[in-house]
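Feature annotations, reproduced from Swiss-Prot:
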- His6, His8, His174, Asp291: Zn(2+) binding site (BINDING)
- Arg47: substrate binding site (BINDING)
Amino acid sequence: MKIDIHSHILPKEWPDLKKRFGYGGWVQLQHHSKGEAKLLKDGKVFRVVRENCWDPEVRIREMDQKGVTVQALSTVPVMFSYWAKPEDTLNLCQLLNNDLASTVVSYPRRFVGLGTLPMQAPELAVKEMERCVKELGFPGVQIGTHVNEWDLNAQELFPVYAAAERLKCSLFVHPWDMQMDGRMAKYWLPWLVGMPAETTIAICSMIMGGVFEKFPKLKVCFAHGGGAFPFTVGRISHGFSMRPDLCAQDNPMNPKKYLGSFYTDALVHDPLSLKLLTDVIGKDKVILGTDYPFPLGELEPGKLIESMEEFDEETKNKLKAGNALAFLGLERKQFE
């Protein structure tokens, strides 16, 4: 069994959001040829996607070809829209979550849903989380690595974490809103470097901000192998010990204490990196994730895990499915 914790999906269509809300900045999907569509922001194309981004039957066909049993589906992070008026973001979240739920209901043995929330308005986010869990049956939600000017240690977000803990709602943290201009404008640097940096900041913010200390039952998984964190945790821990005046303002516990307290996906594209990741984060805490259907993802799901001579079969099976089930609070028999 292979369970992919990290895959993205969009509705086939949605209303003109600029017309609906009266201002720009929204993302639209424009179908321009058979099996292909443009993602537009304020009329400018920023990505072309194929039908596997919105058509579940095409997706299942490709999953079968690659041996993927189940995908956890989440929206494309550019849809988060935390910058917008909260009620408008909530409206969009409801649209996305309802569409996602209909896909999951149609194929319950192949898909699980991770909802999206208006995180810039924590009260609304909690209400939509409750709806996602209680009405739509989602085991978790996807959130961004920051919410406008808030990092994930922001006290304003603590009610969201409290609700997630109470509802047993898992959080999948995905980078977004990277710097795109200036020094980052060339070489695809926002995706190659900016995304791992975003994720590293998110992990450090949650650790040093006391989130894992205050909410010990919170289940969190960070995308892209936890960014640079697994490789730099020694530096982070040493710096914490040397400058507690700067690093221990909100939590006196050394960051290394929290290794094993959270999950990451296994999307690192390199055997040495995957070995380090499992050594640092824990073999029980790393989950197959592909970033399907995008080109920076793992094009042969599970191939890297299966190639690891250092891993016994039990470890490989944990990374391919068991750890995902534990993170999501689901049982294998639901998908067999």
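Glycine is treated like the rest: Cβ placed from N, Cα and C.
Classification of His6 (Zn(2+) binding site) by DSSP places it within a strand. Following the DSSP three-state reduction, the secondary structure of His174 (Zn(2+) binding site) is strand.
Excluding His6, His8, His174, Asp291 themselves, the residues of that chain whose CB lies within 8 A of the CB mean position for the Zn(2+) site are, in sequence, Ser7, Ser74, Pro77, Ala223, Asp265, Gly289, Thr290, Tyr292, Phe294, Gly297. Most Cβ neighbours within 10 Å, among the binding-site residues His6, Asp291: His6 holds that distinction in the structure as shown.
Note: the CA-CA distance between the residue listed as 'substrate binding site' and His174 (Zn(2+) binding site) rounds to 18 Å. For His174 (Zn(2+) binding site), applying a Cβ distance below 8 Å and a minimum sequence separation of six or more within one chain yields His6, Ser74, Pro77, Gln142, Ile143, Gly144, Thr145, Ala223. In three-state terms derived from DSSP, Arg47 (substrate binding site) belongs to an extended strand segment.
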